[in-house]
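*Asks:* Pasting a structure below so you can have a look.
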Amino acid sequence: MGKPDDSDASVASLAGQAGGTCWARASAHLSPNRGPLARVRATAQHSDDDSENDAEVSSDARAPSPNARTYPMSYPLAKPHCDRLAGKVRPAIKSEANASLARSLCECALFVCGVVAVLIRMVHSVPEIRDKACGVIALSTFVLVCFACHARRACGIWATQISCLRKTDPSDPLYALLLPLVSSAQLLDIAPEAMQHGGGALAPPWMQVGRRGTWRADRVGASPDRIVGRGALLDLHVICSFVFCVHLMASQLARAYAKRRGSHAHEGPTSRLLMCFYTFSLLVAVAGVGVQVLARSSGYGHLVLSHTPTWATFLIAVLYQCLLFLCTRVARQNCTLGELAMIGGVGTALWQETVISTMARLVPSYAQYYFREPSAIVLGQLALVAGMLLIGLVLSPLLVLSRNLAQRPTHRLRWPLKRNLHRRLLALSFFLLSAAMVLCVLSPWLAWQLHRRSAWLYFARFMLQGPHWWSRLALLVYWGLLCNTALLSIQLMVNRMWQYATVGDQVKASSRTLPPSTAPSVQPQRTVPTATERASTLAATQFAERGEREESTSLGPRVAVSVNGRRKFFHALAVLLFVPGIAWDPAFMHVAFSAALALFVLCEYLRYCAVFPLGAMLHFFLSQFLDSKDCGLVILSHAYLLTGCAAGVWIESQSRITQQLGVLVLGVGDSVASIVGRQYGRIHWPLSSKTVEGTLGFVVSMTASVMVLRMLRLVEAFHTGALCAIMTLLAVIEGVSEQNDNLVLPLSGIFLTSMIPLRR
């Protein structure tokens, strides 16, 4: 995969030396002969003393993206001056702020319409669901207040800096409503009036092995109360969103108070900030429990978190706040506030479902709180995804040591000659302890949940329970062929890139003329960087040069592949991989998506912490597909893409269109809109960089793809007008949203398929 040789300095020793992106951009404008690549290479020449160490990589070697604005007024003073020297005219900040606010108001109008649609359906439902309308109204009001405050001055999470976010946008607080709206739609689609007509799009499918037209998976345990279970899921997201808004308001007040005193809020040692955050988190959790107890003692318990026990309210609030703090500290500058709210909500729901499934085995009455149908595939997902997160949490000391050892220069180590040995010992310890946790903790837990059946034998038998005994094995072979073809194409592209980088540097070095030396004993300084130095700066220079037109990466005189083109290649690959599997065997795809996400999390552990020997290889491979939204330390694009494609399957929707929607939106609609908008876009929407041509391409491609699936009898019959309305609304959301499309579009599509009936 183009891994550099081991004869030079450790790549990870360059962590943090790539410098600020704005400085690199300014240097490129002020001195045409000394661009960002030359600056980073010059920096790399100071680490020659690590020649006997392995070439590893740390994610800090990637410089932040020049297009990523972390928070308002974060532009350096030198940037306008450099733009004037380069002959560029930068638009006024005030006009940009006005356009951003106008676009955010459009998003606010969309969310308000969604809330109104949910409330109308709740009011006409049974009393048990109608009572949930009070919580939705209170949450929507609180979110709108936070939106108004955030539009005036940027907010953040308590005890964290706004610079820990990728960027801030006035619409960020609105996305705290997205998950509650989706869970409300899930609850409404199993209401008695909806079940009389077969249930809504998000009603759960029937699961039975050996029956045609069902999900071929075994049910485990007693059947839960669906209204109670999905009501508990809505309560969970309402708690998370309330806690999120409390953090925003408290952070706003703290910053205003610090400004009046002439100081800065949330600054100081990490230990003090950590103590401040956890103290505040406990107070918020206790306050939430107090409100719930007070409501029940006053006779209004049916209006406030009626389907959530008191201990669960406290646990949900604490878990959610811990995830928020962890994401802002570890995944620094990877998320916006809106993405942070969605990631925290999904992670909290996953952990809470793991706790509920464990409690249900001990106390059978807790089975009514299952969010989804209790089945073997759901338990497998909990063991795979939640188990992998647990492994990272338990073994975090080893991972931190590995990262620190990879980052620190050799001359600053206590035992520099034993660096390679220490790195190998840390890697061996991580792999052995991970295997021990799988065999001694996760596997016994899953076997206990499966009523003392071996988890390994159970899922080996599961592989033979498809529509035919060979169908799931054939699907694996099909995936293997496609993935090998894709990896071969990427390998050729990366090899071409390395070849051009090496030859190009040698040509440039040979064209240089060294000044004549008067003293023969003085050796000229080395000006040609070695192969490892070029390798160490490859990922950083991709970000430093991200401002070039079309984000293209030159691969030689005949090949030029843009970052956008490489990313859309994998989006198209996702369509070929997932559409046949979801149509043929959604239960197997449920397990496959979970296993893939667990594998992605493991790979990110290895890459982020530079675990020997795979850290560098993974880093250089994933760095070829990063765009301006991947400007942080953690690479999340592939996990976002997989999660968006799997969303319709993981929520266990009975509608086959909803199951396929995430794959089609990201693999077809978003890709076509990006390609058409870049190549043929001429007319821009007001207050947006998106084009009318790209939006039309999104709507037409999505409608056509669903119609093709219908002609192949892979989806049910639908109303064309309703489908066009859903696709048009999704195109509008894609045009106005500044969040990650891989998260927002699938969730929005799931909500819209519930609110706008498609079934004919």
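Heads up, the Cβ atoms here are built off N, Cα and C, so glycines get one too.
Remember, predicted model here, so these are calculated numbers, not experimental data.
What TrEMBL records for 34-72, 511-530 is region 'Disordered'. Among the features that TrEMBL reports, transmembrane segment is placed at 232-250, 271-291, 311-328, 340-362, 382-405, 425-448, 468-490, 572-599, 605-626, 633-651.
A description of the local structural setting of each listed feature is requested, covering burial, neighbours and distances.
*Replies:* Panel annotation: around the transmembrane segment (271-291), residues 158-160, 239, 242-243, 246-247, 250, 304, 310, 313-314, 317-318, 321-322, 325 of the same chain, lying at least six beyond its termini, place a Cβ under 8 Å from a Cβ of the stretch.
Sequence-distant neighbours of the transmembrane segment (382-405) (same chain, 6+ residues past either end, Cβ-Cβ under 8 Å): 58, 347, 350-351, 353-354, 357, 413, 419, 422-423, 426-427, 429-430, 433-434, 437-438, 441-443, 445-446, 455, 594-595, 597-598, 601-602, 605, 608-612.
Here the transmembrane segment (425-448) has Cβ contacts under 8 Å with residues 358, 361, 379-380, 383, 387, 390-391, 394-395, 398-399, 401-402, 405, 454-456, 611-613 of the same chain, all six or more residues outside its ends.
Beyond its flanks by at least six residues, the transmembrane segment (468-490) meets 566, 569-570, 573, 576-577, 580-581, 584-585, 588, 621, 624 of its own chain at Cβ-Cβ distances under 8 Å.
Non-local neighbours of the transmembrane segment (572-599) in the same chain are 205, 207, 215-217, 377, 380-381, 384-385, 387-388, 459, 462, 466-467, 471-472, 475, 478-479, 482-483, 486, 639, 641-643, 645-646, 648-650, 652, 656, 659-660, 663-664, 666-668, 671, 709, 714-715; each lies 6+ residues outside the stretch with a CB under 8 Å from one of its CB atoms.
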*Asks:* Grab the same-chain neighbours of the transmembrane segment (311-328) for me: Cβ-Cβ under 8 Å, and only residues 6 or more beyond its ends, written as numbers and ranges.
*Replies:* 157, 159-160, 164-165, 232, 236, 239-240, 243-244, 247, 274, 277, 281-282, 284-286, 288-289, 292, 305, 334-335, 340, 343-345, 347-348, 351-352, 355, 369
